[in-house]
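As given in TrEMBL:
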- B:H60: active site (ACT_SITE)
- B:H109: active site, proton acceptor (ACT_SITE)
- B:Y63, B:K105, B:D516, B:G553: ATP binding site (BINDING)
- B:D131, B:D284: Mg(2+) 2 binding site (BINDING)
- B:88-203: domain 'PurM-like N-terminal' (DOMAIN)
- B:459-578: domain 'PurM-like N-terminal' (DOMAIN)
Amino acid sequence: MARVVVDVMLKSEILDPQGEAVLGALPRLGVNDVSSVRIGKRVEIEFDENAQNVEEQSRVIADQLLANPVIESFSLSIEGS
Amino acid sequence: MSQLNVAIDTVGVADATPDEKQPWAELGLKEDEYQRIREILGRRPTQSELAMYSIMWSEHCSYKSSRVHLRQFGEKNPKTPRLLAGIGENAGVVAIDENIAVTFKVESHNHPSYVEPKQGAATGVGGIIRDIIAMGARPIAVMDSLRFGAIDHPDTARVLPGVVDGIGHYGNCVGLPNIGGETYFDACYQGNPLVNALSVGVMPRSRLQSMQASGVGNTVILMGAKTGRDGIGGVSVLASATFSETGEGDARPSVQVGDPFTEKLLIEVCLELFDAGLVVGVQDLGGAGLTCALSETAAAGDGGMHVDLERVPLRAKGMEPQDILASESQERMLLIVDPAKAEEVLARSRRWGLLATEIGTVTDTGRLVVDFHGQTVVDVPPKSLADEGPVYHRPIAEPNDLGLIAVDRAETLPRPTTADEIRQTVLDMAASPNLCDKSWITEQYDSSVFGNTVLGTPHDAGVVRLDERTGVGIAISLDGNGRFARLDPYVGAQLSLAEAYRNVAVTGATPIAISDCLNFGSPEDPHVMWQFERAVTGIADGAQKLGIPVTGGNVSFYNQTGRDAIHPTPVIGVLGVIDDVARRIPLGLGKTGDTIALVGTTEEELSGSEWASVKHGHLGGVPPKVDLDHEMKLAELLSRLAGTEQLAAAHDLSEGGLAQALVEAICFSGLGAQILLPEGADAFTYLFSESSGRVLVVIPRGQELAVRTACEQRGLPITPLGVTDANTDGLHLRDHFDIGREELEASWKGRIGLHLGE
């Protein structure tokens, strides 16, 4: 069974209001030495045992559904098989 | 600060290397424009200067193709003491009474909304809201005019939901009601959807702000979000090679992501600063970022400014001066303040959780000087950027097919003749993309936050109360019709103006001002320029005739894919004032026994109509006639009848004609209508003609004579059509057909979702 983890992040130059909000809240916890917070999403996909072309299919899923390539980038990691 | 590892192109370097090759063509400048920059500066521009000129001399910022035509607005605008700020300001400002004024403007965000529908539309709303703040007003509502490709085209399913999501997201988060607008579908907008956003704000007249950077020694403050690499795709050709090594490939998209919650803070802190009298000048940062804000405020003021660019708070590492100057990061404002008050401005910003940074000083040198870590990267006369950009008299040529189109009249197309065929046409039209119920879209927007929305969609115009004590309010409508404008841009533009004017009048308000968003193809095409010139002339003549000024707006060219331009699409916003919103005229059918009548004349005018488009895919002939004298009389009548016992409801007739107006009134009111067409009238023509200047009115029983007299006194034809009847199921058209409410609603409602696969 192949397990694929897709990490989707806003491209580095795109504003991340959510990350900014977390950054702004950190001083309230007494944490003052953080300069940037970026928030993305992690998607775990489990393929059937006999699945073929796992990487290729994962790339299609990530590119066409999970990420918005105009403003987001993604990375794939394939675990086990 | 990290060490700079790239050599900065300073003024000194530019002096020393006059022959260095510069990518002016890649930045969209023409050779003669580049030469003019060299003449102005007496040397080659630095990279930062080149970036600034390329931005400020672009079509978007300089209006270089449109300016010669837009002058007509200034020349023909009627003089009115209401106009407190007009064209050239961030937004037009009109007085409502001796105490309060409103400011409104419509602007396009077409291309960004095609590339990234959600964020593109969202930042379009954000941008127009900041224009309103920059005038000193509190934004109180938004509206939008949307045009997409064919509803069944797969890409429409990407663009439309994204755009609607973006408008809803930004507007709802900032907390502004969306009070109306329009949505149309036409294959000509396939690769060039139009997203025109309008915002309106209110202010005490004394709070009107200026964009002038005046007062030598005054401090220049940048407030709001940090500056990142948003939207600097255009100037990326200037980047040193290092950037492409970060591994993200083309990592400089032209897309910006906004944050409505920061915008909300900007509204509050700006208004607080204005009220406290702490601000000398203010300008929002929009499409051209700091470049535009610095050069416009400096040019409008005492003529000089010194900026230390390294003080600008940055979100991204390694930004070069031209990147900082070109960045289109959202939610930023530039303030000019007295240095003695600067500390208080910074403190108040901090209290709202907003960054504010002193970045420069107003000078009397006549130069805009920008230093970066002590090295001068920009030293230019600001007027050369803001006011003295190139002006083109583009070639104009009447399209060759004009004569052919004019004789290809829709009046000659085969029509439904039997009662059953006409009945089916009513249903088919109600279900067609442009006429069907738009609540799939509008229900995603908050329409009543603030509690001042009196009328929102699906009414002809949005009505908002300004003052709870007096009840004074405003009505706004936003209308365009690309098909009519394609057939005749002059008449088409006036038809849109007349419709927006009438939509405002139908609520009982008196129209007082115009804003326009002019969406066209490429100005380099003489046929497009002809359309543009005709449309602008039509609007300017129309405004003059109606006696209400054009207060501002925006031009969007290059809405074109290959050789195929969109239909010329001037979208017109009209703003009206109503002294007491309790007097507003609603949509609907009044109550049982009320008389339904039509004011205006129905002629056989089917060319450019919705029917010709839906049933025949036809576009040809000449558009309906427009009679602005008639519109003025009609508006005066409605304003007189509003709030009296003589009028229960009213509804403008536009696309889809009488049939569609009846369908909407029936579905909205929950009542039935018994209609008898005038003797001798051709049922099809009477139901589907799109003759202009018509309003469906509902007159309470016993008031018919009074209303008839009022119409006759003004020379307005009125035709009784029937009665409202709670016992009639839907539409009863005597001697023709019946359509029950359920069947009507089944056709009209739920269509958008159905097309989008829901």
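Cβ from N, Cα, C; glycine included.
Automated prediction, rather than curation, is the source of TrEMBL annotations.
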Alpha-carbon spacing, B:H60 (active site) to B:H109 (active site, proton acceptor), which is rounded to whole Å: 11
Those residues of the chain, 6+ apart, with a Cβ under 8 Å from that of B:D284 (Mg(2+) 2 binding site): B:N90, B:G127, B:R130, B:D131, B:I133, B:A134, B:A293, B:R332, B:M333, B:L334
Helix-strand-coil residue split for the domain 'PurM-like N-terminal' (B:88-203), DSSP-based: 46 helix, 43 strand, 27 coil
Maximum Cα-Cα separation in Å among residues B:Y63, B:K105, B:D516, B:G553, which the record lists as binding ATP: 17
Least buried by Cβ count (within 10 Å) of the binding-site residues B:D131, B:D516: B:D131
Rounded inter-Cα distance in Å - B:D516 (ATP binding site), B:H109 (active site, proton acceptor): 14
In the chain carrying B:Y63 (ATP binding site), residues 6 or more apart in sequence that have Cβ under 8 angstroms from it: B:L70, B:V555
In three-state DSSP terms, the structure that the residue listed as 'active site' belongs to: helix
Env. residues of ATP site, Cβ within 8 Å of mean position of B:Y63, B:K105, B:D516, B:G553 Cβ: B:I87, B:V106, B:E107, B:S515, B:C517, B:L518, B:V550, B:G552, B:N554, B:V555
The residue listed as 'active site, proton acceptor' to B:G553 (ATP binding site) - Cα separation in whole Å: 13
Secondary structure content of the domain 'PurM-like N-terminal' (B:459-578), with strand meaning DSSP E or B: 45 helix, 43 strand, 32 coil
Fewest other C-beta atoms within 10 angstroms, as judged across B:H60, B:K105, B:H109, which are the recorded positions: B:H60
